[in-house]
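Colleague: Pulled these features from Swiss-Prot for this protein:
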BINDING   HIS155, HIS424, HIS491  Cu cation 3 binding site
DOMAIN    45-81  domain 'Plastocyanin-like 1'
DOMAIN    101-178  domain 'Plastocyanin-like 2'
SITE      ASP116  site 'Plays a crucial role in the protonation steps'
SITE      GLU498  site 'Plays a crucial role in the protonation steps'
Amino acid sequence: MTLEKFVDALPIPDTLKPVQQSKEKTYYEVTMEECTHQLHRDLPPTRLWGYNGLFPGPTIEVKRNENVYVKWMNNLPSTHFLPIDHTIHHSDSQHEEPEVKTVVHLHGGVTPDDSDGYPEAWFSKDFEQTGPYFKREVYHYPNQQRGAILWYHDHAMALTRLNVYAGLVGAYIIHDPKEKRLKLPSDEYDVPLLITDRTINEDGSLFYPSAPENPSPSLPNPSIVPAFCGETILVNGKVWPYLEVEPRKYRFRVINASNTRTYNLSLDNGGDFIQIGSDGGLLPRSVKLNSFSLAPAERYDIIIDFTAYEGESIILANSAGCGGDVNPETDANIMQFRVTKPLAQKDESRKPKYLASYPSVQHERIQNIRTLKLAGTQDEYGRPVLLLNNKRWHDPVTETPKVGTTEIWSIINPTRGTHPIHLHLVSFRVLDRRPFDIARYQESGELSYTGPAVPPPPSEKGWKDTIQAHAGEVLRIAATFGPYSGRYVWHCHILEHEDYDMMRPMDITDPHK
(Lines of atoms letter the chains of each structure in order from A; the text may use other names.)
(Lines give C-alpha, C1' and ligand atoms only; values in the text may rest on other atoms or scores of the structure.)
Protein backbone atom coordinates (compact mmCIF):
# COMPACT_ATOMS: atom_id res chain seq x y z
CA MET A 1 0.00 0.00 0.00
CA THR A 2 1.41 3.37 -1.05
CA LEU A 3 0.51 6.38 1.06
CA GLU A 4 1.03 9.90 -0.23
CA LYS A 5 3.68 11.72 1.75
CA PHE A 6 3.47 15.14 3.38
CA VAL A 7 -0.32 15.53 3.34
CA ASP A 8 -0.89 15.68 7.11
CA ALA A 9 0.31 18.51 9.34
CA LEU A 10 2.71 17.56 12.12
CA PRO A 11 0.76 17.32 15.40
CA ILE A 12 2.32 18.98 18.42
CA PRO A 13 1.51 16.82 21.47
CA ASP A 14 -0.47 18.55 24.21
CA THR A 15 1.37 19.46 27.40
CA LEU A 16 0.01 17.50 30.35
CA LYS A 17 -1.79 19.62 32.94
CA PRO A 18 -1.27 18.81 36.64
CA VAL A 19 -4.13 17.66 38.84
CA GLN A 20 -2.61 19.51 41.81
CA GLN A 21 0.29 21.92 42.09
CA SER A 22 1.96 23.70 44.98
CA LYS A 23 5.42 25.04 45.81
CA GLU A 24 6.29 21.67 47.31
CA LYS A 25 5.10 19.30 44.59
CA THR A 26 3.28 18.79 41.30
CA TYR A 27 0.89 15.85 40.91
CA TYR A 28 -0.27 14.31 37.63
CA GLU A 29 -2.54 11.42 36.73
CA VAL A 30 -2.13 9.50 33.47
CA THR A 31 -4.32 6.66 32.26
CA MET A 32 -3.31 4.07 29.67
CA GLU A 33 -6.29 3.54 27.38
CA GLU A 34 -7.20 1.85 24.14
CA CYS A 35 -7.95 4.46 21.50
CA THR A 36 -8.21 5.04 17.76
CA HIS A 37 -6.33 7.64 15.74
CA GLN A 38 -6.17 8.42 12.05
CA LEU A 39 -2.46 8.13 11.31
CA HIS A 40 -2.76 9.37 7.70
CA ARG A 41 -5.37 11.23 5.67
CA ASP A 42 -6.09 8.18 3.49
CA LEU A 43 -6.19 5.54 6.25
CA PRO A 44 -9.11 4.37 8.37
CA PRO A 45 -8.63 4.93 12.11
CA THR A 46 -6.03 2.69 13.77
CA ARG A 47 -6.49 0.88 17.07
CA LEU A 48 -3.73 1.94 19.47
CA TRP A 49 -2.87 2.11 23.14
CA GLY A 50 -2.03 5.56 24.41
CA TYR A 51 -1.28 7.49 27.58
CA ASN A 52 -4.50 9.44 28.21
CA GLY A 53 -5.69 7.89 24.94
CA LEU A 54 -3.11 9.82 22.90
CA PHE A 55 -0.32 8.67 20.56
CA PRO A 56 2.20 9.82 21.43
CA GLY A 57 1.18 10.58 24.98
CA PRO A 58 1.03 14.14 26.29
CA THR A 59 4.34 15.90 26.78
CA ILE A 60 5.25 16.30 30.44
CA GLU A 61 7.16 19.56 30.93
CA VAL A 62 8.85 20.18 34.27
CA LYS A 63 11.46 22.47 35.76
CA ARG A 64 14.78 21.27 37.09
CA ASN A 65 14.39 20.27 40.78
CA GLU A 66 10.58 20.30 40.52
CA ASN A 67 9.17 17.60 42.79
CA VAL A 68 6.84 15.64 40.50
CA TYR A 69 4.51 12.76 41.31
CA VAL A 70 2.65 10.77 38.65
CA LYS A 71 -0.03 8.16 39.17
CA TRP A 72 0.17 5.87 36.15
CA MET A 73 -3.10 3.93 35.75
CA ASN A 74 -3.80 0.94 33.53
CA ASN A 75 -7.27 1.02 31.96
CA LEU A 76 -6.38 -1.23 29.04
CA PRO A 77 -8.37 -4.25 27.83
CA SER A 78 -7.62 -7.63 29.41
CA THR A 79 -6.35 -9.09 26.12
CA HIS A 80 -3.60 -7.76 23.85
CA PHE A 81 -4.26 -6.95 20.19
CA LEU A 82 -0.67 -7.83 19.23
CA PRO A 83 0.79 -11.38 19.24
CA ILE A 84 2.17 -12.42 22.65
CA ASP A 85 4.81 -15.15 22.85
CA HIS A 86 4.03 -16.96 26.10
CA THR A 87 7.25 -19.01 25.96
CA ILE A 88 9.50 -16.11 27.00
CA HIS A 89 9.78 -15.15 30.66
CA HIS A 90 6.74 -17.19 31.58
CA SER A 91 5.82 -16.97 35.23
CA ASP A 92 6.86 -19.72 37.61
CA SER A 93 4.44 -18.45 40.24
CA GLN A 94 1.32 -20.34 41.27
CA HIS A 95 -0.88 -17.44 40.24
CA GLU A 96 -1.73 -16.87 36.62
CA GLU A 97 -0.30 -13.58 35.40
CA PRO A 98 -2.53 -11.23 33.41
CA GLU A 99 -2.01 -11.08 29.65
CA VAL A 100 -1.82 -7.28 29.67
CA LYS A 101 0.79 -5.86 32.04
CA THR A 102 2.25 -2.37 32.12
CA VAL A 103 4.87 -0.38 33.97
CA VAL A 104 6.27 3.03 33.03
CA HIS A 105 9.96 3.89 32.77
CA LEU A 106 11.08 7.51 32.62
CA HIS A 107 14.01 7.06 30.25
CA GLY A 108 16.92 9.23 31.36
CA GLY A 109 15.33 9.98 34.71
CA VAL A 110 17.33 10.07 37.94
CA THR A 111 14.67 8.40 40.05
CA PRO A 112 14.38 6.19 43.14
CA ASP A 113 14.27 2.51 42.24
CA ASP A 114 10.61 2.13 43.21
CA SER A 115 9.73 4.76 40.57
CA ASP A 116 12.07 3.55 37.84
CA GLY A 117 9.67 1.19 36.08
CA TYR A 118 11.44 -2.07 36.87
CA PRO A 119 10.15 -4.71 34.40
CA GLU A 120 8.81 -6.94 37.18
CA ALA A 121 7.10 -4.02 38.94
CA TRP A 122 4.24 -4.37 36.44
CA PHE A 123 0.58 -3.89 37.24
CA SER A 124 -2.68 -4.88 35.58
CA LYS A 125 -5.89 -2.94 35.13
CA ASP A 126 -6.89 -1.03 38.29
CA PHE A 127 -3.83 -2.54 40.07
CA GLU A 128 -5.79 -5.80 40.50
CA GLN A 129 -2.59 -7.78 40.03
CA THR A 130 0.98 -6.61 40.47
CA GLY A 131 4.43 -8.00 39.80
CA PRO A 132 6.87 -9.19 42.49
CA TYR A 133 8.78 -5.87 42.50
CA PHE A 134 5.73 -3.58 42.50
CA LYS A 135 6.02 -1.07 45.37
CA ARG A 136 3.93 2.03 44.73
CA GLU A 137 1.04 3.36 42.63
CA VAL A 138 2.31 6.95 42.52
CA TYR A 139 5.78 7.43 41.05
CA HIS A 140 8.15 10.13 42.30
CA TYR A 141 10.37 12.10 39.91
CA PRO A 142 12.59 14.59 41.81
CA ASN A 143 14.04 16.03 38.56
CA GLN A 144 17.31 16.85 40.33
CA GLN A 145 19.25 16.69 37.09
CA ARG A 146 20.27 18.78 34.11
CA GLY A 147 17.71 20.13 31.69
CA ALA A 148 17.27 17.42 29.06
CA ILE A 149 15.06 15.53 26.64
CA LEU A 150 13.66 12.49 28.42
CA TRP A 151 10.84 10.23 27.31
CA TYR A 152 8.51 7.83 29.04
CA HIS A 153 7.49 4.45 27.74
CA ASP A 154 6.29 1.04 28.77
CA HIS A 155 8.83 -1.36 30.28
CA ALA A 156 6.77 -4.44 31.21
CA MET A 157 8.56 -7.78 31.37
CA ALA A 158 8.62 -9.55 27.97
CA LEU A 159 5.98 -7.15 26.62
CA THR A 160 7.93 -3.93 26.11
CA ARG A 161 8.24 -4.38 22.31
CA LEU A 162 4.48 -4.90 21.95
CA ASN A 163 3.28 -2.23 24.38
CA VAL A 164 5.58 0.41 22.87
CA TYR A 165 4.59 -0.61 19.33
CA ALA A 166 0.94 -0.30 20.41
CA GLY A 167 1.63 3.36 21.25
CA LEU A 168 2.75 3.67 24.88
CA VAL A 169 5.36 6.42 24.43
CA GLY A 170 5.59 10.14 25.23
CA ALA A 171 8.07 13.00 25.69
CA TYR A 172 9.21 14.38 29.07
CA ILE A 173 11.16 17.64 29.00
CA ILE A 174 13.17 19.02 31.93
CA HIS A 175 13.67 22.77 31.59
CA ASP A 176 16.64 24.36 33.33
CA PRO A 177 16.06 28.10 33.99
CA LYS A 178 19.80 28.65 33.41
CA GLU A 179 19.26 27.88 29.73
CA LYS A 180 17.44 31.19 29.26
CA ARG A 181 20.72 33.09 29.12
CA LEU A 182 21.62 31.11 25.99
CA LYS A 183 18.62 32.56 24.11
CA LEU A 184 17.85 29.29 22.36
CA PRO A 185 14.67 29.09 20.24
CA SER A 186 11.74 28.67 22.63
CA ASP A 187 7.97 28.44 22.99
CA GLU A 188 6.35 27.56 19.63
CA TYR A 189 9.84 27.43 18.09
CA ASP A 190 10.83 24.56 20.41
CA VAL A 191 9.29 21.39 18.94
CA PRO A 192 9.52 17.73 20.01
CA LEU A 193 9.89 15.21 17.17
CA LEU A 194 9.13 11.68 18.33
CA ILE A 195 9.99 9.31 15.47
CA THR A 196 8.51 5.81 15.16
CA ASP A 197 8.12 3.23 12.40
CA ARG A 198 5.14 0.96 11.79
CA THR A 199 3.67 -1.41 9.24
CA ILE A 200 0.03 -0.51 8.68
CA ASN A 201 -2.52 -2.75 6.99
CA GLU A 202 -4.98 -1.38 4.42
CA ASP A 203 -7.77 -1.45 7.01
CA GLY A 204 -5.67 0.86 9.21
CA SER A 205 -4.69 -1.82 11.73
CA LEU A 206 -1.13 -2.22 12.93
CA PHE A 207 0.81 -5.22 11.65
CA TYR A 208 3.34 -6.89 13.92
CA PRO A 209 4.74 -10.32 12.98
CA SER A 210 3.58 -13.37 14.92
CA ALA A 211 6.67 -15.37 13.87
CA PRO A 212 10.04 -14.88 12.16
CA GLU A 213 10.22 -15.22 8.38
CA ASN A 214 10.17 -18.85 7.19
CA PRO A 215 9.54 -20.30 10.67
CA SER A 216 10.25 -23.95 11.35
CA PRO A 217 7.23 -26.13 12.25
CA SER A 218 8.65 -26.59 15.77
CA LEU A 219 8.40 -22.89 16.64
CA PRO A 220 5.70 -21.84 19.09
CA ASN A 221 2.96 -19.68 17.64
CA PRO A 222 3.12 -16.74 18.26
CA SER A 223 6.91 -16.57 18.43
CA ILE A 224 9.13 -13.58 19.18
CA VAL A 225 11.07 -12.10 16.25
CA PRO A 226 14.72 -11.00 16.60
CA ALA A 227 14.04 -7.54 15.12
CA PHE A 228 11.27 -5.63 13.38
CA CYS A 229 11.24 -2.50 11.26
CA GLY A 230 8.12 -0.97 9.78
CA GLU A 231 8.45 0.68 6.39
CA THR A 232 6.11 3.56 7.28
CA ILE A 233 7.62 6.42 9.29
CA LEU A 234 5.59 8.50 11.73
CA VAL A 235 6.51 11.69 13.55
CA ASN A 236 4.41 12.65 16.57
CA GLY A 237 1.89 10.00 15.52
CA LYS A 238 1.38 11.06 11.87
CA VAL A 239 2.69 9.31 8.77
CA TRP A 240 5.25 11.43 6.87
CA PRO A 241 3.88 14.77 8.10
CA TYR A 242 4.80 18.32 7.12
CA LEU A 243 5.49 21.31 9.34
CA GLU A 244 5.04 24.89 8.16
CA VAL A 245 7.80 27.05 9.61
CA GLU A 246 8.92 30.66 9.55
CA PRO A 247 12.26 31.68 7.97
CA ARG A 248 14.06 31.65 11.32
CA LYS A 249 15.72 29.32 13.83
CA TYR A 250 13.85 26.40 15.40
CA ARG A 251 14.86 24.01 18.16
CA PHE A 252 13.89 20.37 17.62
CA ARG A 253 14.08 17.73 20.35
CA VAL A 254 14.43 14.51 18.36
CA ILE A 255 13.59 11.17 20.02
CA ASN A 256 13.96 7.76 18.37
CA ALA A 257 11.04 5.81 19.86
CA SER A 258 11.26 2.95 17.34
CA ASN A 259 11.62 -0.69 18.40
CA THR A 260 14.60 -1.67 16.23
CA ARG A 261 15.27 0.95 13.58
CA THR A 262 18.28 3.28 13.63
CA TYR A 263 18.01 6.44 11.50
CA ASN A 264 20.70 8.47 9.78
CA LEU A 265 19.10 11.88 9.42
CA SER A 266 19.94 14.71 7.03
CA LEU A 267 18.24 17.56 5.17
CA ASP A 268 17.73 16.86 1.48
CA ASN A 269 18.92 20.37 0.51
CA GLY A 270 22.31 19.75 2.12
CA GLY A 271 21.60 22.10 5.01
CA ASP A 272 23.20 21.74 8.42
CA PHE A 273 21.97 20.88 11.86
CA ILE A 274 23.43 22.63 14.89
CA GLN A 275 23.49 20.04 17.65
CA ILE A 276 23.23 21.57 21.11
CA GLY A 277 22.46 18.54 23.23
CA SER A 278 22.16 14.78 23.52
CA ASP A 279 20.49 12.31 25.90
CA GLY A 280 21.57 13.93 29.15
CA GLY A 281 21.34 17.62 28.29
CA LEU A 282 23.41 20.32 26.63
CA LEU A 283 26.78 19.56 25.06
CA PRO A 284 29.92 21.43 26.14
CA ARG A 285 29.80 23.28 22.80
CA SER A 286 27.55 23.22 19.76
CA VAL A 287 28.40 20.98 16.81
CA LYS A 288 27.63 21.59 13.14
CA LEU A 289 26.42 18.37 11.51
CA ASN A 290 25.42 17.46 7.97
CA SER A 291 23.84 14.24 9.25
CA PHE A 292 23.54 12.22 12.45
CA SER A 293 22.84 8.65 13.50
CA LEU A 294 20.00 8.07 15.96
CA ALA A 295 19.62 4.58 17.45
CA PRO A 296 16.53 3.47 19.40
CA ALA A 297 16.09 5.59 22.56
CA GLU A 298 18.80 8.12 21.66
CA ARG A 299 17.92 11.82 21.61
CA TYR A 300 19.43 14.75 19.73
CA ASP A 301 18.74 18.39 20.63
CA ILE A 302 19.22 20.37 17.42
CA ILE A 303 18.69 23.79 15.88
CA ILE A 304 17.74 24.20 12.22
CA ASP A 305 18.07 27.70 10.80
CA PHE A 306 15.50 28.20 8.03
CA THR A 307 16.39 31.88 7.50
CA ALA A 308 17.96 31.34 4.07
CA TYR A 309 15.30 28.90 2.85
CA GLU A 310 12.23 31.15 2.58
CA GLY A 311 9.68 29.61 0.20
CA GLU A 312 11.45 26.25 0.06
CA SER A 313 10.28 22.76 1.04
CA ILE A 314 12.93 20.61 2.74
CA ILE A 315 12.71 16.91 3.50
CA LEU A 316 14.14 15.45 6.68
CA ALA A 317 15.64 12.35 5.07
CA ASN A 318 16.94 8.99 6.31
CA SER A 319 19.78 7.03 4.73
CA ALA A 320 19.99 4.12 7.20
CA GLY A 321 18.31 0.95 6.01
CA CYS A 322 17.02 -1.81 8.24
CA GLY A 323 18.34 -5.12 6.96
CA GLY A 324 18.82 -3.60 3.51
CA ASP A 325 18.92 -0.33 1.60
CA VAL A 326 16.40 2.42 2.25
CA ASN A 327 13.45 2.66 -0.13
CA PRO A 328 13.18 6.14 -1.70
CA GLU A 329 9.38 5.78 -1.63
CA THR A 330 9.12 4.90 2.06
CA ASP A 331 11.74 4.82 4.82
CA ALA A 332 14.11 7.26 3.10
CA ASN A 333 11.68 9.99 4.20
CA ILE A 334 10.86 11.23 7.69
CA MET A 335 8.93 14.51 7.29
CA GLN A 336 8.87 17.78 5.36
CA PHE A 337 9.55 21.35 6.45
CA ARG A 338 7.73 24.06 4.46
CA VAL A 339 9.28 27.49 4.94
CA THR A 340 6.01 29.21 4.03
CA LYS A 341 4.90 31.07 7.16
CA PRO A 342 5.65 34.79 7.39
CA LEU A 343 8.14 35.87 10.04
CA ALA A 344 6.00 36.79 13.06
CA GLN A 345 8.67 38.94 14.68
CA LYS A 346 12.39 39.50 14.56
CA ASP A 347 14.29 36.31 15.40
CA GLU A 348 16.46 37.13 18.40
CA SER A 349 17.27 33.52 19.26
CA ARG A 350 20.87 32.38 19.01
CA LYS A 351 23.05 29.43 18.05
CA PRO A 352 25.58 29.74 20.88
CA LYS A 353 28.99 28.14 20.53
CA TYR A 354 29.57 27.40 24.21
CA LEU A 355 26.73 25.72 26.09
CA ALA A 356 27.65 23.95 29.34
CA SER A 357 30.66 23.21 31.52
CA TYR A 358 31.75 19.60 31.88
CA PRO A 359 34.05 18.04 34.44
CA SER A 360 36.82 15.93 32.95
CA VAL A 361 36.79 12.22 33.73
CA GLN A 362 39.13 11.79 36.70
CA HIS A 363 40.82 8.48 35.90
CA GLU A 364 42.52 8.38 39.28
CA ARG A 365 39.04 8.25 40.84
CA ILE A 366 37.94 5.13 38.96
CA GLN A 367 37.03 2.53 41.58
CA ASN A 368 36.26 -0.38 39.29
CA ILE A 369 36.63 -1.51 35.69
CA ARG A 370 34.15 -4.04 34.35
CA THR A 371 34.58 -6.00 31.14
CA LEU A 372 31.21 -6.99 29.72
CA LYS A 373 30.54 -8.74 26.46
CA LEU A 374 27.54 -8.94 24.20
CA ALA A 375 26.86 -12.53 23.20
CA GLY A 376 24.49 -14.69 21.21
CA THR A 377 23.14 -18.20 21.66
CA GLN A 378 20.03 -20.20 20.74
CA ASP A 379 17.05 -21.42 22.73
CA GLU A 380 15.45 -24.87 22.63
CA TYR A 381 13.54 -23.90 19.48
CA GLY A 382 16.65 -22.77 17.62
CA ARG A 383 15.73 -19.09 17.96
CA PRO A 384 18.50 -16.53 18.46
CA VAL A 385 18.89 -15.24 22.01
CA LEU A 386 21.14 -12.25 22.66
CA LEU A 387 22.72 -11.90 26.09
CA LEU A 388 24.76 -9.54 28.21
CA ASN A 389 27.90 -11.24 29.51
CA ASN A 390 26.37 -14.65 28.73
CA LYS A 391 23.79 -14.17 31.49
CA ARG A 392 20.02 -14.54 31.30
CA TRP A 393 17.61 -12.14 32.99
CA HIS A 394 16.93 -14.38 35.97
CA ASP A 395 20.57 -15.31 36.62
CA PRO A 396 22.07 -13.85 39.83
CA VAL A 397 22.97 -10.16 39.71
CA THR A 398 26.60 -9.58 38.69
CA GLU A 399 26.74 -5.76 38.31
CA THR A 400 26.77 -4.24 41.81
CA PRO A 401 28.27 -0.72 41.76
CA LYS A 402 28.42 1.22 45.01
CA VAL A 403 26.65 4.57 45.39
CA GLY A 404 29.01 7.43 44.64
CA THR A 405 31.64 5.33 42.89
CA THR A 406 32.84 5.81 39.33
CA GLU A 407 33.33 2.79 37.11
CA ILE A 408 34.57 2.19 33.59
CA TRP A 409 32.56 -0.35 31.63
CA SER A 410 34.35 -1.93 28.66
CA ILE A 411 31.64 -3.39 26.45
CA ILE A 412 32.89 -5.92 23.89
CA ASN A 413 30.67 -6.48 20.86
CA PRO A 414 31.58 -9.59 18.85
CA THR A 415 28.04 -9.85 17.39
CA ARG A 416 27.15 -8.88 13.82
CA GLY A 417 25.18 -5.74 14.65
CA THR A 418 25.16 -2.47 16.59
CA HIS A 419 23.38 -2.55 19.94
CA PRO A 420 22.17 0.64 21.68
CA ILE A 421 23.10 0.01 25.31
CA HIS A 422 21.07 1.82 27.97
CA LEU A 423 21.87 2.13 31.68
CA HIS A 424 19.05 3.14 33.99
CA LEU A 425 19.50 5.87 36.64
CA VAL A 426 22.85 7.22 35.42
CA SER A 427 24.28 9.34 32.65
CA PHE A 428 27.77 8.44 31.48
CA ARG A 429 30.61 9.75 29.36
CA VAL A 430 31.92 7.93 26.30
CA LEU A 431 35.68 7.41 26.57
CA ASP A 432 36.53 5.66 23.30
CA ARG A 433 35.88 2.82 20.86
CA ARG A 434 38.55 0.40 19.66
CA PRO A 435 38.33 -2.21 16.87
CA PHE A 436 39.30 -5.82 17.52
CA ASP A 437 39.59 -9.11 15.65
CA ILE A 438 36.15 -10.74 16.01
CA ALA A 439 37.19 -14.10 14.54
CA ARG A 440 40.11 -14.49 16.94
CA TYR A 441 37.95 -13.44 19.89
CA GLN A 442 35.22 -15.93 18.98
CA GLU A 443 37.79 -18.70 18.55
CA SER A 444 40.03 -18.19 21.58
CA GLY A 445 38.55 -15.42 23.72
CA GLU A 446 41.67 -13.36 23.06
CA LEU A 447 41.05 -9.64 22.60
CA SER A 448 43.37 -8.67 19.75
CA TYR A 449 43.03 -5.01 18.78
CA THR A 450 43.27 -4.10 15.10
CA GLY A 451 43.59 -0.34 15.52
CA PRO A 452 43.96 2.47 18.04
CA ALA A 453 41.28 3.64 20.44
CA VAL A 454 39.14 6.36 18.84
CA PRO A 455 37.72 9.09 21.09
CA PRO A 456 34.04 9.96 20.67
CA PRO A 457 33.03 12.47 18.01
CA PRO A 458 31.94 15.92 19.27
CA SER A 459 28.28 14.85 19.02
CA GLU A 460 28.90 12.21 21.73
CA LYS A 461 30.96 14.32 24.13
CA GLY A 462 28.00 15.17 26.32
CA TRP A 463 26.12 13.10 28.87
CA LYS A 464 24.65 9.91 27.44
CA ASP A 465 22.34 7.23 28.80
CA THR A 466 22.07 5.22 25.58
CA ILE A 467 25.08 4.54 23.36
CA GLN A 468 25.73 2.61 20.16
CA ALA A 469 28.03 -0.38 20.74
CA HIS A 470 29.21 -1.23 17.23
CA ALA A 471 30.09 -4.70 15.97
CA GLY A 472 33.78 -5.51 16.25
CA GLU A 473 34.52 -2.73 18.73
CA VAL A 474 35.20 -2.36 22.43
CA LEU A 475 33.22 0.59 23.75
CA ARG A 476 34.38 2.21 27.00
CA ILE A 477 32.12 4.40 29.10
CA ALA A 478 32.58 6.01 32.53
CA ALA A 479 29.65 6.34 34.92
CA THR A 480 29.26 7.57 38.49
CA PHE A 481 26.50 5.55 40.15
CA GLY A 482 23.84 7.06 42.37
CA PRO A 483 22.48 9.12 44.00
CA TYR A 484 20.02 6.32 44.80
CA SER A 485 20.64 2.70 45.69
CA GLY A 486 18.45 -0.23 44.76
CA ARG A 487 17.53 -2.53 41.90
CA TYR A 488 17.83 -1.09 38.39
CA VAL A 489 18.56 -2.55 34.95
CA TRP A 490 20.83 -2.18 31.94
CA HIS A 491 19.94 -3.51 28.54
CA CYS A 492 20.00 -3.28 24.78
CA HIS A 493 17.31 -0.85 23.61
CA ILE A 494 16.38 -2.82 20.53
CA LEU A 495 13.14 -3.85 22.17
CA GLU A 496 13.01 -7.30 20.58
CA HIS A 497 16.45 -7.94 22.12
CA GLU A 498 15.54 -6.43 25.48
CA ASP A 499 12.49 -8.66 25.81
CA TYR A 500 14.54 -11.81 25.08
CA ASP A 501 17.03 -11.74 26.85
CA MET A 502 19.42 -8.82 26.45
CA MET A 503 18.64 -7.17 29.78
CA ARG A 504 20.19 -7.60 33.20
CA PRO A 505 19.29 -6.42 36.70
CA MET A 506 21.82 -4.14 38.37
CA ASP A 507 22.05 -3.61 42.14
CA ILE A 508 23.41 -0.23 43.15
CA THR A 509 24.54 -0.77 46.71
CA ASP A 510 24.93 1.64 49.60
CA PRO A 511 27.45 0.39 52.18
CA HIS A 512 25.93 2.75 54.77
CA LYS A 513 22.49 1.15 54.59
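Glycine is no exception: its Cβ is also placed from the backbone N, Cα and C atoms.
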Colleague: Could you give the Cα-Cα distance between HIS424 (Cu cation 3 binding site) and ASP116 (site 'Plays a crucial role in the protonation steps'), in whole Å?
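Modeller: With the alpha carbons as reference points, the distance is 8 Å.
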Colleague: Given a separation of at least six residues and a C-beta threshold under 8 Å, show me what packs close to ASP116 (site 'Plays a crucial role in the protonation steps') in the same chain.
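Modeller: The list for ASP116 (site 'Plays a crucial role in the protonation steps') reads HIS105, LEU106, GLY109, HIS424, LEU425, GLY486, TYR488, given in order along the sequence.
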Colleague: Determine which residues of the chain contact the domain 'Plastocyanin-like 1' (45-81) at the Cβ level, with the cut-off under 8 Å and only residues 6 or more beyond its ends counted.
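Modeller: Contacts with the domain 'Plastocyanin-like 1' (45-81): 13-16, 24-39, 98-100, 102-104, 123-127, 137-147, 152, 159, 162-163, 166-177, 192, 194, 200, 204-206, 236-237, 257.
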Colleague: Round to the nearest Å and give the CA-to-CA distance linking GLU498 (site 'Plays a crucial role in the protonation steps') with HIS491 (Cu cation 3 binding site).
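Modeller: Answer for this pair: 6 Å between alpha carbons.
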Colleague: If you draw a 10 Å sphere around the Cβ of GLU498 (site 'Plays a crucial role in the protonation steps'), how many other Cβ atoms fall inside it, taking every protein chain shown into account?
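Modeller: Other Cβ atoms within 10 Å of GLU498 (site 'Plays a crucial role in the protonation steps'): 27.
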Colleague: Specify the count of other C-beta atoms within 10 Å of the C-beta of HIS491 (Cu cation 3 binding site).
Modeller: 27
Colleague: When you average the Cβ positions of HIS155, HIS424, HIS491 for the Cu cation 3 site, which other residues in that chain have a Cβ within 8 Å of that mean position?
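Modeller: Here the non-site neighbours turn out to be HIS105, ASP116, GLY117, TYR118, PRO119, HIS422, TYR488, VAL489, TRP490, GLU498, MET503.
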Colleague: Enumerate same-chain residues with a sequence separation of six or more from HIS155 (Cu cation 3 binding site) and a Cβ-Cβ distance below 8 A; give 'none' if the list is empty.
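Modeller: Those within reach of HIS155 (Cu cation 3 binding site), by Cβ under 8 Å and sequence separation of 6 or more, are VAL103, VAL104, HIS105, GLY117, TYR118, PRO119.
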Colleague: Give, as a single whole number between 0 and 100, the mean pLDDT over the domain 'Plastocyanin-like 1' (45-81).
Modeller: 99
Colleague: DSSP on GLU498 (site 'Plays a crucial role in the protonation steps'), three-state: which is it?
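Modeller: Note: GLU498 (site 'Plays a crucial role in the protonation steps') is helical by DSSP.
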